[in-house]
Each structure stands twice: as C-alpha cells, then as structure tokens.
C-alpha cells in the first residue's frame, strides 16, 4: 500500500532561496515560464517568470547544441540547470548560466502573444486588457495590483481576529434583500423566486446575537444598470458587525484602527509590490469626521456651489468634500456622519436628537465612498415601527425580526468595497483596473 | 473638527480578562446577554453569555431594590457592575456579585424563547433547529461548531500562505461552467444568460499562469435536485491549484500537509471548542492511497459485494472503502486515485499508461468524499483534442483555452467541501448541522 504523508523535498530552488541563501558559483535547478528571450550574437538572455519575480538566465547555444533556442518561446515553461553568478544589472543582482534545459510545457504551435506582457507597463486600452485578462495579468505590474488586494484582505482579517471577531460564511442565494430596490439579481430556485445577496446585512446582524462580533469578506451582487468607472455588478465586500457598542462612533474607531493596522501590514509584508507600483500609503492617524449637513455647507461655501438637495450627496459633492479635507486637513480620508434617514435603509437607527438623520456614516477616500456603516435598530418595537412607517409589511421579515424579538445588544457595522479601496490606494481611474475579472452591464467574460 | 483615531479604552472587561488577570475581590463592569435566570429564595443566579463563554452573576434583590429581577428576561442585554469572587462550581471558576445593573436592550414585550437555548444540547429536530437558526445558534454547543469551521478555514489559509500560494477572488456570476451538466443555476444578466459558478475551476487554472500557486475559499453553487444528508445547493469550497508539479501526487502531498497543519492549528487555537464538542482529531500522518479499480476490488472481496459498474463508485462503496481502510490501516482518510476518465471533466489529464483512467483522486474521510482533485491538461493541442473527442466545441471555450494557447506549466489542484469536512470531523449525520444557513431544494430561509 502507498501512503501520502506530506511535502517531499524537491531538488529545485525558488528565487527567494537564491536571494537569501549562499548560491554564488553553485549549480542549481529552477523552474519558470519564459518571460522574454533576447538573442545576442553568441548567446541569449532568457528571463524566467515565477510568482516572486524574474530570473535572468544566460544561454549559450554552443554549450547545449542539442537544445535549439527557437524552442524557448514566450510562455513555454522550463526547468533550467545552471550556475548562479553575481550580475548587478540583472533582477535580484544575479543571473544563471545555463548548463542544461528541460522543457516542461509549450504554448500552442504557431501562437504568438497577443499583448507584450513582458513590457513594464501594458500600454493597451483597458478594454483590451480586460478582454485578454488571463494573459494580461501575467504582466508583472498587473499581478502586483492583486497582491496588494490580497494584502488588504489579510490585514482586515488579521485585525478582526485580533479584536475577537468571528469569521462567518453567509448564503449568497437569499429569499429577500436588505437594501431592497430594483438592483437585485433574480434567479429561479426550484420553482421559487430567489435573489443574489446585495449584502450580508441580515445575516451579519443575526450573527451578532451569536458571537457578539462578526466579519465576512465575500462577494455581493448588485444589478446596477449604470456603467460607470466606480460601479461593479459583483464585488467583494469587507463587512463587520459588532455588538455592545456605546454608539456608532465605536464602529468608526474600529475601522480607523483596522486601516492603520492594514496599511502597516502592507508596508511590512508587501514592500516589494508597494515599491513596484509606487504606492504612497495614506496617513490614517487622524481622520476628520464631519456631519453630512455640515460637509455640504463647507464645500458649498468654499467652492461656491449651490446646495441643490439638502438630503442627498451627489458624486461631485463627494469629490469636493474629499478635496476640502485634503486641502484643509491634509487627509485622504473623511468620515461623513449623520446621513439623512431617507437615504438609509429601514434597519438604520435614527438620531434621537433629530430623527431626520441617522446614526450612520460613510467613509470617503480621496473623494469616493468606500464604506457605508452605522448603528442598527436593536429594539423589536422600534424596528417594526420603522418598517410600518415605510409601508413595509413586518410579516415579510419574520426571520430577520426573530433576532430583535428575542433580544439583540446595541450594535452596528459597516461594509467596505474592496475593489474601490484598492482603486483609491493605487490612484487608478477605473474600478475595473483593480478587479480580477470584473462584471459589468456589458462584461460577463472572461 | 472631530477626529477619529482608533480604539478607545473601555471601562468594561471581557471574560478572558477575568480568567487571565487578577480580579479577585475587585469590582468590574462586564456586558452580556442574559442566558438564564434562576430564582432562588434570597437571590437569583443570572448567567450572562458572551462570545467567549458564560459568566455566573449573583443578584440579591434586597441589595438593588430599584432594579426588579423580572426585567432580567432571557435575551436582554445588560451591563453589570460587581465584585469578582472565586466560585469553583461556576464557569471559569468565578462569579460576579452584582452591585448595579444597567439594561442595554430588551427582547420584544411578551416574547418567550421558542427553544431552550440555554440547555447544553438542543433536543429539537434538525428541522426546528434550522427554522429557528438565528436563535438556535445562540446555544453554546451550536455556535462552537462554527468556530471549528472558522478554524478549518484559517488553518487552510495560513498553510497556503506559508507555501507561497496567492489568495484570489474569482467571479461567481459566469458565462459558462466548468463541470457542465444540468445542476447549474441560471440567472438573467442584463438580457444575457448567465450562471452561478459551480466551482472556480477555469479561473483558478487561469491564475496559475499568473501566480504559479493560488487558492480561494468561497461559495459555489450546485442546482442539485437531490435532497440528501450530504448535498447542499450552496456550499463553501476550499480550492487550490498549483503549477510546476511533477505529478498529481504533489497535490495529494500538499493536501496531506495542509490537513496536518490545520488539525494541529485547531488543537492549539480552538482547544476550548474541541473539548466542548468532544472532538477527536484524526491522525493524518500516513494516509493510504489506493487506485480506484483496486479499491473496488478490495471491498468487493472483503465485504462480498458484487461490482456492478467498474467505472462508477456508489455511495455505499465509498462507505465500505472508508470502513476497509479504518479496519485494515486504522486510517479515517483514504486517497482513491486514477478515477475513470468518463467520470471526470474534460480538463482532467488522462493517465498516459491507460487513458481510460485519469491522473486524479478523491479524498474520503470516514467513507465520504470531501475532496476531488487531479492534474489538468496543460497542452493546448491536448485540451482541444479532448474537447472535440467529447463532442464539445472549442469555440465555446475561447477564454479558457487562451491560457493553454499562451503557455501553462504542468499543474493541478483540488476542491474541498468545507461543510462536509466539518461534518465528518464532528461525526454529524447531516451536512446541514455544519452549515450556518443551509440552502437545499426546500430551504431558502432563514
């Protein structure tokens, strides 16, 4: 009988091994994809691509006559045996003088790369880049974007765990939706009508009754018909929800602390990508917090802009609020608090001091909303009353109201749009740049 | 201007603080939900529930006459001020003698708990438990199940990161599906036909071309019409996919190492829940690996069972294979390798030694399939040929074939059903027991 008992020692090395170990003058084996081949007269430079960087190899045809350099096409994968030499001009400060090559796989016969992925920056249109996503992501700069995104989620999760939040997994196929409205995807579910979850709202509130503090990083779905630079029809929402709060300020404090932790985590763990993409990590030591109505007044005064609707915030106003707090307080972030009750869902808690407003907030990052959060109603009677006042039937929400009926601590939470956060951090102009395989009104593939 | 700058020091303590700190005889403040109230003649025991356990408080009505014990209904949340006393018979070895109580929230007027969640084990039917899920999860034993599940995912992710896998987020709304067949949910997508992803298969293979090794822990959707104890219509799949493999054995080695790491991680980080649920962590030091045809032969001989179809494995056979390897090798796990080509999807690599079989495997845990994996075809010409041989049109798979066309390393991967893994680990008889909010043919709520 054969037994499986864990990882085997391999005789190949990784780029990281070479950078940190003492391999100079030694023969090693390394695997990789052919990134570029540059034919010189006597020899060729063959650059291999691996997950953690590029390796320059030098191939002399005279040395391995049985191996024709023509085989070394971009996209082939190989195992190279060679001697490590210092070479300042090569990535990582070393190159490998090839003694032997073994071909592991080849691209299709007669295929040619549709875009020059080995160039530093892909100078193609976003449209082309997205249509060729499986290939364009092989570009070193493109893939660094999604390492940063990975780091943002890791930082978020690590911080949540450190604050005793429990990670939950809530269903994406649901019977009803928290946000309501028309922007919901419908599907046929064994003869019943079902929807895709616009957010884990009901479930995360529910789970506060179980674990006090919960979080989830998962896909949400919005059937938005707008085809803008900042909307997606499927995106990743970083959600948390916490009980026993003294007020919605506790939620903002938690988010500020999370961002601080996460940016520091990126600085430590993703230094390579930060350098590669030229990211300046924002300062989140002191994030200004301003009331919704006050924010509108401030930008209206400073930028001589008429307030058209006191209960709504236009995208242009968001941009101006961002600009105002950058100019006046040198902050890339600003919390806008006390959103009008009309603009918030039925589970939002109204401000007892003025019920036209809610105990809620958005977080703007460089003039764009990346977070919506706030305190929720915990009292059964209050929640039913607000539903009725909005013309909703509490009988449609029996499962949700079960938690209020049997007791909920004062609680609140927020949702962060991961792709938008990444977009703003990288100063990208379109949220599709920071989405692995974006879904929009006209894009369902790849 | 107000500024938000991180977490504030609170004057309340957590159960963990009391257990690890020196609070004996001191007055503290603690918040929690009323779990049970037991009225004695002179005083009441009030047990509070928090995420990390239960706290016994002692309330003397004569001491706080202004606070009526009748207010302390199950599900109310309170802030208790009291003195910490050693008390061996109380959870954690201490109790709190209440000096003051502040009510934070109350359940609905006239509401009563629909199930006795403060009992050790809920002795209700699964059906009732699921219908009342928002409340039944408040039971200490029930919620421990999903802490274990959290730990399984954390262990998986931590191990993947340690092995240089990149975490990816692939779309759940897709234009086509990897597994094909009828069990796919359809939805209307802006006038186009779209589907819910049955697995991240195409995308994870695609991302191997970018990061060499990738993983994802995310929801997948199967429109299975079977209402069995082991099928769900939405579940969490722990997927990984790795390039530059020497064979499909590398994938099994990686899984075995991951399981070893994860069970050890559970032992260290989730000791409380392991004890609470009485879990015996399985030994994964040596997992037997047996060929599909050989496994069928072995159980047919030992249990005198006729082989009805040499190219298929019935659930009863899976159970017997599990039993065989438990009896003969004392192993809860067994890898069954070389599944018939007919039973595997078009992207599976056939065994060059006998193309009726594939370089693939399932992992059985106590007689149930929890993993399907294997090596994938990396050659463009081979992949096109296999599609054509199956009567598929390669033009329907242009985006997927793009990766083969432009070069893919030899690669493979697997998917693990998280809820099934949890179910087997906990010796539960129904996968719904280990699913937070299960979705099946007849259940779409809560």
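Each residue, glycine too, has its Cβ placed from N, Cα and C.
Per TrEMBL, the listed range annotated as region 'Aspartate' is A:201-204 (candidates: A:201-204, A:205-208, A:209-212, A:213-216). Cβ neighbour density within 10 Å is lowest for A:231 among the binding-site residues A:222, A:231, A:376, A:420. Among the binding-site residues listed here, namely A:224, A:369, A:418, A:420, A:369 has its C-alpha nearest to that of residue A:376 (L-aspartate binding site).
Outside the region 'Aspartate' (A:201-204) by six or more residues, the chain places 168, 170-171, 174, 176, 178-179, 214-216, 239-241, 345, 347, 399-400, 413 with a CB less than 8 A from a CB of the stretch. For residue A:224 (ATP binding site), other Cβ atoms within 10 Å of its Cβ number 15. For residue A:224 (ATP binding site), the nearest neighbour among the listed recorded positions (A:91, A:179, A:372), judged by C-alpha distance, is A:179. DSSP classifies residue A:91 (site 'Important for tRNA non-discrimination') as helix under the three-state reduction. Its Cβ placed at the centre, residue A:369 (ATP binding site) has 18 other Cβ atoms within 10 Å. Cβ neighbour count for residue A:91 (site 'Important for tRNA non-discrimination'): 15 (other Cβ atoms within 10 Å of its Cβ, all protein chains included).
Around the Cβ of residue A:372 (L-aspartate binding site), a 10 Å sphere holds 18 further Cβ atoms from the protein chains shown. Under a cutoff of 8 A between CB atoms, and with a sequence separation of 6+ in the same chain, the neighbours of residue A:418 (ATP binding site) are A:149, A:152, A:153, A:217, A:235, A:236, A:237, A:238.
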